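Novice: The structure that follows is given in the form of structure tokens.
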Protein chains: 2
Amino acid sequence: MMKIGYLGPKATFTDLAVTTVFPNHEKVPYNTIPECIDAVSSGEVELGVVPLENAIEGSVNLTIDYLVHEQTLPIVGEIVAPIQQHLMVHPNHSDDWDAIRCVYSHSHAIAQCHKFLHKHFKQAMYEYTTSTSAAAKFVSENPELKIAAIANRLAAQTYGLTIVQENIHDYDYNHTRFIIVQKENRELSIDSPLYAGDKTTLMITLPKDQAGALHQVLSAFAWRKLNLTKIESRPAKTGLGNYFFIIDIDQKMDDVLIPGAIAELEALGCSVQVLGSYPYYII
Amino acid sequence: MMKIGYLGPKATFTDLAVTTVFPNHEKVPYNTIPECIDAVSSGEVELGVVPLENAIEGSVNLTIDYLVHEQTLPIVGEIVAPIQQHLMVHPNHSDDWDAIRCVYSHSHAIAQCHKFLHKHFKQAMYEYTTSTSAAAKFVSENPELKIAAIANRLAAQTYGLTIVQENIHDYDYNHTRFIIVQKENRELSIDSPLYAGDKTTLMITLPKDQAGALHQVLSAFAWRKLNLTKIESRPAKTGLGNYFFIIDIDQKMDDVLIPGAIAELEALGCSVQVLGSYPYYII
């Protein structure tokens, strides 16, 4: 059994991802992304799971910035999870839930259910909480109030609430990516039926901000038929107008193609860092 | 005088950006990004200002997704603002602030000041609030408690707090981008000394997920010496593995180069949408 740190509190979307992929391990919640990454670095936990993009709780950029600038830990896995928001009430109100006066949730979750709420609860008030699970907790502790929470299935289970409307989020295609970091760069010893493939993530810094430099960089991948599934520019520490790129290649690190592309990029004056080559799991 | 909607509440980083660039207009706070964009669309306000990336309050992806999939409003301006976090206390405690027991703020702000807090307030507790300004408000209303807030300068002014430590954020290079949307695509009628240049933002959908397609797309810009300052892949509505790209070009829409690049991309089977061509302001 491993100790796995994650961005808490209990029953967040990160918790749901960890619980699904690592059902039989000890979970330790942390309040912020840096605290979770630090805990892996200090050996307090063996693995850390934090959101990488499109998160409800937790700022995307923080994860990459902290990994790149502060604690350089290898990425050893990725979890891709759908964002499914449900409307839940205290069991006392499961029959008269359409009379609720106020909806509690994280502001991002309320924004994600904008169309549903606009249609069904136009007159309701909203109260913003620091996480979706905090909203579920509040509803469970106040059975006398006519209120509902928007949160995930794990929050309903954890706090004993009844889901009265499933999947009220506006877009079905919404997914969150979580990365798994570890102190040493060795393969994850889990064998999950959710395994869906491998990818390699590179961080590339261009020699200077010049027209076409990125195009040149991508040539190194294109002629080798290496397929990129993600590309994102991020401001470098040096300030506005300077960028580095995060690139995902849809295969495991090999002996020829990826090392060849990296050598070619370095010859062009780029600096290249392999952030990880790892399996991903789709929930 | 214009009515300008922004992602609230009062004294958030979005409010600070709006107040700096549009000092003499009426400001209307909205609780979520979709509500703010809808208010522009319905004519309730003339302009809307929402975070686009790297935000403390407000999810980045939500803005682009809502603009692309729900309310297609043109981007007519951009504000680039540094993220400066300050430690502030009630004036009663300005002399004994190092004895504070608890720090209040949004979890993203606390994460951004991770190194400072770890060094100076290792024993302090943290309380998470739904925005940095909510933390400042709480501190102002509880002068008897030995607590501090992390928030911006406008929040200190708004709630009468004393800044006891300036710029406690870990990274100086951190900036937030806010976009200004308007119902009609006409030029902003403001004349600001913060004007720093123009850019054009395109959304490009590739014909299908194929190795090298992005490289081909960038060729259209590279040989015209059009400089890209941002590139980001975002999952398309159609699900995992399908992407569109958001690209920023560092010049205003012209009659020859950008239309030529767009025509070339369309000939390759891409679909291209101009999200805006607009001035940007650096605070």
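Each residue, glycine too, has its Cβ placed from N, Cα and C.
Pasting the relevant annotations from TrEMBL:
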DOMAIN    A:3-183  domain 'Prephenate dehydratase'
SITE      A:T176  site 'Essential for prephenate dehydratase activity'
DOMAIN    A:202-279  domain 'ACT'
Novice: Please state whether DSSP places A:T176 (site 'Essential for prephenate dehydratase activity') in a helix, a strand or coil.
Specialist: strand
Novice: In this predicted model, what is the average pLDDT of the domain 'Prephenate dehydratase' (A:3-183)?
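Specialist: Mean pLDDT for the domain 'Prephenate dehydratase' (A:3-183): 90.
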Novice: With helix taken as DSSP H, G or I, strand as E or B and everything else coil, how many residues of the domain 'ACT' (A:202-279) land in each class?
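Specialist: Counting residues per DSSP class in the domain 'ACT' (A:202-279), I get 21 helix, 28 strand, 29 coil.
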